[in-house]
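J.: Pasting the feature list from TrEMBL:
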REGION    1-162  region 'Disordered'
COMPBIAS  39-60  compositional bias 'Acidic residues'
DOMAIN    74-151  domain 'Casein kinase substrate phosphoprotein PP28'
COMPBIAS  84-162  compositional bias 'Basic and acidic residues'
Amino acid sequence: MGRGKFKGKPTGRRQFSTPEQMMAGTSASRPRTFKKEEAELEEEERSEEESEEESEDEAGAELKGTQGIIQVDNPNVAKPKNVKARDIDMEKTTELSRREREEIERQKAHERYMRLQEQGKTEQARKDLERLALIRQQRAEAAKKREEEKTAKEQKKSEARK
């Protein structure tokens, strides 16, 4: 089948591994020696670690260069702070931020205002109570007026029957 003007190079073809090849470790993307090389590197690292531990045990005082002479602490290294529960000072309070303090003050002021409101000591509460008293008075007058009208109607009916 014709491909046109340009032909693909044989190096440009992709080779995909089958699951069997991947399980066997013989896939096209990795050489067969990869596992061996990886295992050798791991062995070397283990042997280096063991030799370092042995050398530290044997020659703890021997340090390279000026490390033994000058003790330098790196200020950039974060030192872990292990604080146990028994060491915590319960009386020591942390400083609150300005926003937190203002929020707490706002809540306390609102609670104070609501208490005064319930007791009827604020101006708004006084106005509300006056309004309520006026409404009660109006309702009482309206109830009296209805009662009077009702009694008047009953008297008219009783007179009409007689």
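Residue positions begin at 1 at the first shown residue.
Just so you know, glycine gets a Cβ as well, placed from its N, Cα and C.
Whatever TrEMBL says is automated annotation, not expert-curated.
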J.: Counting each residue once, how many in the compositional bias 'Basic and acidic residues' (84-162) are helix, strand and coil under DSSP?
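T.: Taking the compositional bias 'Basic and acidic residues' (84-162) as a whole: 64 helix, 0 strand, 15 coil.
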J.: Mean pLDDT over the domain 'Casein kinase substrate phosphoprotein PP28' (74-151): what is the value?
T.: 88
